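Swiss-Prot annotations:
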- 14-34: transmembrane segment (TRANSMEM)
- 51-71: transmembrane segment (TRANSMEM)
- 80-100: transmembrane segment (TRANSMEM)
- 121-141: transmembrane segment (TRANSMEM)
């Protein structure tokens, strides 16, 4: 039996490798393994909890320098007195807000996820971008199409 979904996943994984987007490629390969094994029974759980777990892991990675001490408290305090750091804080707030809108949009309009993924892969492949923005991209899309 021909599995179109598997073919699409393989194509997206190939795009991930070609564009040096190993995060996307490895993620898709893991999903392929889940799909073709008895682990496929976990898909409802992955669909429900995957994004939350991913955000938790991402937050751990971002906060690790503070927790490890490699980013000393004095540096954090000084960030409130430098105009460039204040701009960075403001942009961080805006981007976090956009990411929140993106999560809502991806949950309510999952058909947009494929377009966001293809756009991210193309951005990495054609413009030497970095694959960090699907949630932010979804947030920007929500500003255009609405987040319902």
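In case you wondered, yes, glycine gets a Cβ from its N, Cα and C as well.
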Candidate ranges 51-71, 80-100, 121-141 - greatest C-beta contact count to the transmembrane segment (14-34) (under 8 angstroms): 121-141
Beyond the flanks of the transmembrane segment (51-71) by at least 6 residues, Cβ under 8 Å: 103, 106-107
Cβ contacts under 8 Å made by the transmembrane segment (80-100) with residues that lie 6+ beyond its boundaries: 135-136, 139-140, 142-143
